[in-house]
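Scroll down for the structure; my scribbles are underneath it.
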Amino acid sequence: MKTSTNKLLYFIAFILLLVGSIRIILTYDKLTISPDELVHVATGLELIENGTYYLEALHPPLARLSVAILPYLGGASLSEEFYTKYSHPFNENSGYKQSFEGRNLGGQQIFFAKSHDNYKKMVFLSRLGILPYFLLCGLVIFIYVKNHIGSYAALYSILFYTTLPIILANSGLATTDMPMCALLVCTIFSLLNWLESASFKNTLLLGFSFALLVVAKFSGAIFFLMVAAPVILAKDYATGKVSRGFNGARVTSIILISIITFITIWYTYNFELATLSYPYFLTPEKVSALKAVLSDLGLSENLVNKLFTVKILPFPEFFHGLSDLSDRIAYVYAGYIFGKVLLFQGVWYFFPAAALFKTPLLVLALGLLGCCLLIKIFISQKNWKVVVPVIVIFTLLLASTTFNMNIGLRHLLPIFPFLCITAGYSLDFLLNRGSLFIKGVTILLLTAYLVTTALSHPFYVAYFNFMAQDRGEEILIDSDFDIGQELEYALTFPEVHNNIDSLKLYYSGLADPGFFGFKEYVLYQIELHHKNFNINFGNSRYLLISIPLLKLLPKEKKLHIAKCKGARRIGQTFMLYDFNSCI
């Protein structure tokens, strides 16, 4: 390809990433802060400001540091009294309630303790911390596709990446999903270079990519290990050489990667140390058993006791996080799909179905076609690097059928950059090799895709393709539909704004409705578990209710609105009921 054409492609890719970034930034002040964002910013600020990481260990700190650093520089701070009360290790039996209260109160203080202008400033700064991950992921995609698949395919991949609603939605929120997604993409493509040559440069790239992935989100490391094995098998098939272990250079390289990962984890957790008896590392029962074994081996009682009282365990909150993650997986959330509330277990089809309804159909069709075309190239040309996106998509999609935590497609976000790659390649294929009719139809469908996804701005979170028929809540709720993002938007409706004094709100988020002018409200994430909880008008004429609440609650808790007629939809995620229309 000519140098001038090459430069033009880079320039267009830059423009696409710039436009995508602008679209993301323009969502910041349209979406009310979500429950997860409150927690992530508060826990990140705790580590920056107080040097501790006790409010919640469920996720490693990197993404949280990313969303908290700019608010901290912008003046966000939590009081000494707050840290005295909440920033200390919580015991397993009585600490959860206090830690839940602490991390949510911390978020409330950061965003709602001052003026409305300060709230907007904190929202902007926290969400801006995710934008570099969006850009990094796009850059890596472009370089990979350009080097291994084709220049125009690289450009089309970026076109889909910068317009796909689920990517734009998660890139505009101060959460952990996009950082993990971007770093997983980096780590997988670093693995390709390392498998080809375990040079010092490639080792450093893989080491730092993997280390950052580990401290971004625990599931990222798990996803990488899932994908690495089939990628190695694909390489073995293509090269005709079966990997029977690692030579000396590779062993040295793996040791270096392990050292980089260890130091990065410890550094991220502020070089914290704890004793071996730390309960999230070794339970009291295991400590007693291990002490008995060491005593049987001849160690003195004094030495054994000293071994378990000296602080020699690095990054203890890392182990705390793994323990919390294990508990969360075992304790299944109340999921929802196709009108069915999922209690006690997930369903195998949750993520495939969610992807089917929340992905634009053109991207799905082109993505599947691209998978077939890349598999064909892999088989005919023995080019193993081109099939990696296909491996990632189907490995993670297959693994997702075993997930119990069916609360959002965002947990499978990493498949979508790779789907953009396969869709980009098939678009290039159709425009280059298709008949004039095929090219015309493809361009028309592409135009329709770009228009419809643009029209979903700024509410990309609740995007569903046309198969949902504007009733996405009948298919999915939770983070696929409502994270409390439309609270401020609801106030732009005259029916809400003009009747604010006689309106009662049942809200799915944890933002402070009183801060925005609501007089009476219920945060159902806090109140839902109370036995006597039910929807009622009280002394209010109007009820504004988050739609997920209507889907999750049993009929007996909705008797007060069961006979209401003429309920009006407010935005995508609220229903407004008038007491005068209820029999």
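Using N, Cα and C of the backbone, Cβ positions are placed for all residues, glycine too.
Positions annotated as transmembrane segment by TrEMBL: 7-26, 124-145, 152-171, 177-195, 204-229, 249-269, 330-351, 357-379, 386-405, 411-431, 443-463. Sequence annotations record features per position, and here TrEMBL assigns domain 'Glycosyltransferase RgtA/B/C/D-like' to 135-257.
The average pLDDT for the domain 'Glycosyltransferase RgtA/B/C/D-like' (135-257) in the predicted structure is 93. Across 124-145, 249-269, 357-379, 386-405, 411-431, stretch 411-431 shows the highest tally of CB pairs under 8 A with the transmembrane segment (152-171). Long-range contacts of the transmembrane segment (443-463) within the same chain, counting only residues at least 6 positions beyond its ends with a Cβ under 8 Å from a Cβ of the stretch, are 23, 26-27, 30-31, 163-166, 168-169, 172-173, 358, 360, 362-363, 427, 431, 472, 479-483, 485-486, 571-573. Sequence-distant neighbours of the transmembrane segment (411-431) (same chain, 6+ residues past either end, Cβ-Cβ under 8 Å): 137, 141, 144-145, 149-150, 152-161, 164, 166-167, 170, 177-178, 180-181, 184-185, 219-220, 223, 351, 354-355, 359, 362-364, 366-371, 373-374, 388-390, 392-393, 396-397, 400, 403, 405, 438-439, 442-443, 446. Each residue of the domain 'Glycosyltransferase RgtA/B/C/D-like' (135-257) gets a DSSP state, and the totals for helix, strand and coil are 99 helix, 0 strand, 24 coil.
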